[in-house]
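Undergrad: What follows is a structure written as structure tokens; I'll ask about it next.
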Amino acid sequence: GLFVTDYFTRTPRKLSPFRSFASIELFHFHIPEDTVIAVWNLITFKEQGGTFGDQCPDRSITVYFRSGAPSVINPLHTHFPRDTAVPGSFALTLTWTLPNRTTGVFNVTSPLPGDWFLAAHLPKDEGKISVKGLYEECQYLFQPQLIVQRLVNIAVLYPGHVTEQSMAPHNRSCLYKVFVPSYTSRVLVEVLRCRGAEGCPLWLRVRAKAPPLHNSTALDCREHTPCQLTQDLPFWQHWYYVLVEKHPGVPGIVSFQVTVQLTDCSRPSLARPPFLPSSASMNMPHSFGSAGGLGLGDSPPPTSPNSTKHPVPVPVAPPAGERCWPVRPTLRNELDTFSVHFYIFFGPNVSVPPDRPAVFVINLLPVLDSGGVLNLELRLNVSSLCGENVTVFGCLNHEVPLTSGDNGSVTCETESLAGFLLSVNATASLSRLRIPYPQTGSWYLSLRSLCATEHGFEPCTNVTAEVYLRAYLSPCINDCGIYGQCKLLRTNNYLYAACECKAGWNGWGCTDNAEAFSYGFQLLSTLLLCLSNVMFVPPVAIAVRSHYLMEAAVYIFTMFFSTFYHACDQPGIVVFCIMDYDVLQFCDFLGSLMSVWVTVIAMARLQPVVKQASVLYLLGAMLLAMALQMDRHGLWNLLGPSLFALGIMAVAWTARTIRRRHCYPPTWKRWVFYLCPGALIAAAAVLLYAFVETEENYFYIHSIWHLLIAGSVGFLLPPRAKTSRRLGPLPRRKGCGYQLCVNEQEELGLVDPAVASINSICTS
């Protein structure tokens with residue numbers, strides 16, 4: 001055949017340590033039909049500070065693959081909520097082969113067509129809280145690339161027709177495909193008139209949706225006569241691929257005929273006629289056209305010189321157990337993103353007769369519905385059982401309803417199908433099923449009532465059970481409960497939802513309490529973070545006593561908003577918010593930085609003209625508000641104004657030192673008992689905040705931070721400035737023929753020289 005190669009790539013993205021599904025990076029690909037091989041090239045590289053991160057540690061990267069919907073992953077081995085079905089996926093771990101780059105390859109032979117999803121993440125870290133911008137962070141970037149090779153012009157088989165084929169010596173196989181419409185209960189593929197050098201040296205393989213693999217349903221035509229392969233309960237509205245493969249080492253030309261018969265279960269006495277209008281034969285409206293561009297009633301395309309097509313006789317009617325029952329549709333009502341209700345006509349209470357199943361279909365739209373949770377609820381009306389021991393079984397299957405011919409069968413699985421089983425009876429009248437990230441397409445629910453006897457389950461007589469049926473699509477399971485937040489996430493044009501848990505709770509629905517915080521622990525952490533702000537009361541008292549009223553107002557502002565911000569910022573249920581969270585956070589950050597600013601400016605003891613105008617206070621408030629608005633967690637946006645204030649203080653102290661020719665402040669007591677302890681306490685607080693704080697110790701380390709910062713303010717705040725008054729005669733002393741005028745208060749650093757009006761006139 002003729003192959004065509006397609007190439008797809010995605011933009012590199014930064015990977016994050018796994019905490020929940022909200023922290024993974026999701027990539028969406030689409031594989032076209034008739035693809036024979038798909039190769040994912042997985043490129044990972046490190047970056048640090050805009051350059052290659054050769055010094056970054058090697059951290060393993062886990063990649064998950066799934067067809068039809070995102071992978072439901074559980075790397076932390078947490079518990080899923082009750083009644084939750086976990087679909088499988090394939091995982092691959094990448095290891096580093098170079099210091100800053102590694103590449104992995106993942107091949108899929110004959111992949112299923114449609115949507116494919118890749119999820120990638122780093123291992124869970126220790127939860128350290130790092131200050132943004134303090135050091136260059138190691139970034140791990142992941143970029144997947146997809147290369148697909150697909151066949152074009154695959155021969156199409158038409159039900160009820162024979163296709164003749166001659167396989168040349170250099171050819172190994174021939175590939176065909178046939179479309180299976182709705183209400184088809186059986187696909188029969190047969191090889192006729194096979195002639196070769198060694199009898200019929202052919203393998204016959206059949207697979208749905210994609211070309212067959214080595215482990216697909218197969219039949220050796222040398223050992224079976226006639227060479228017939230049957231697929232019961234095939235997938236509706238899909239292509240089936242037929243591969244006729246020659247045994248290795250067979251010389252010469254092998255000629256054969258291939259035919260396909262489809263059994264219409266809506267009319268069990270007849271096979272599907274070879275000539276019908278295309279829409280009618282596929283149970284599709286005319287407005288939909290023919291699926292895949294081909295219809296059973298379409299004229300066959302021109303055949304090759306070595307193949308002919310002609311009708312074959314209609315086979316014998318299938319057994320009565322292969323009948324299929326009418327499928328009742330559901331009405332789709334979209335309320336919001338991933339909030340869809342499926343209503344049953346003349347429902348929600350449905351009657352399940354004793355002699356036949358009740359079948360319903362739920363249609364999930366491609367891409368749009370696969371990012372949520374499919375919920376199904378069955379509630380039995382016990383009063384409708386009339387005292388009988390009746391059990392209603394429900395089978396939920398994807399793309400084909402499962403209605404077994406065995407009257408006492410209660411399984412939802414066959415050799416090629418796997419569904420979900422629900423059951424309700426008089427003792428357990430409620431049953432639920434949740435499927436996170438369901439595959440899109442048609443989901444069929446078959447309800448059947450059976451009576452329990454000594455010999456197992458048997459069909460009931462004259463008992464029609466009534467069941468309340470509820471089916472809906474939700475973003476998350478139970479909205480993630482009280483200890484989680486349901487987040488709507490987006491990757492390119494694909495939307496999906498995931499839970500982000502808090503207070504130590506884990507799991508897909510935040511229901512795993514193995515590491516959960518107790519109520520007492522939550523209350524203790526909240527009280528510590530809130531009451532530790534009471535340490536600002538002594539600095540407020542000192543500031544008021546020293547007539548630093550503006551500084552005292554800033555400290556009160558900081559104490560108030562820090563208390564209520566931490567009361568609102570708690571992860572558990574001990575939460576109290578008096579304002580919007582963002583407002584509280586902004587005011588807390590602004591108050592903390594303003595406390596540092598006004599304290600340092602007060603320590604600088606600037607000239608009265610500047611201080612009375614409050615120019616620097618107003619300038620600091622504006623600069624800090626701007627920095628917080630730019631990046632609330634950025635290091636230099638917050639550290640810059642603080643360093644600017646320290647620079648002003650250093651200039652003021654240096655100018656006094658030069659003018660007075662001795663160190664300022666001049667007394668050693670001020671340095672030993674106030675400035676040095678205050679600076680050490682503030683430095684210890686900064687070190688704890690920047691290097692020690694983690695998610696586990698946050699509540700007490702951050703409380704210590706509150707205590708240390710407030711304590712350092714009490715030490716660093718300068719003493720009260722003396723009020724202006726005329727001083728009495730100053731003592732005089734002679735030196736070198738001059739009278740020296742001395743102001744003792746100025747020399748002790750207790751008041752600025754300009755505060756007191758002193759006329760120091762020295763005459764010879």
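Indices start at 1 and increase along the chain as displayed.
Every residue gets a Cβ built from N, Cα and C, even glycine.
Values in this document were obtained by computation on a predicted structure and should not be read as measured data.
Feature list, courtesy of TrEMBL:
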DOMAIN    499-510  domain 'EGF-like'
REGION    290-311  region 'Disordered'
TRANSMEM  516-536  transmembrane segment
TRANSMEM  548-567  transmembrane segment
TRANSMEM  573-602  transmembrane segment
TRANSMEM  614-630  transmembrane segment
TRANSMEM  636-655  transmembrane segment
TRANSMEM  671-692  transmembrane segment
TRANSMEM  698-717  transmembrane segment
Undergrad: Are the transmembrane segment (636-655) and the transmembrane segment (671-692) close enough that 3 or more Cβ pairs fall under 8 Å, when only pairs 6 or more apart in sequence count?
TA: no
Undergrad: Hey, which of 548-567, 573-602, 698-717 has the most Cβ-Cβ pairs under 8 Å against the transmembrane segment (614-630)?
TA: 573-602
Undergrad: Do any residues of this chain, six or more beyond the ends of the transmembrane segment (516-536), have a C-beta under 8 angstroms from a C-beta of it, and if so which?
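TA: Here the qualifying positions are 483, 503-505, 555-556, 558-559, 562-564, 566-567, 569-575, 699-700, 702-704, 706-707, 710-711, 713.
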Undergrad: Looking only at the domain 'EGF-like' (499-510), how are its residues distributed among DSSP helix, strand and coil?
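TA: Reading the DSSP string over the domain 'EGF-like' (499-510) gives 0 helix, 4 strand, 8 coil.
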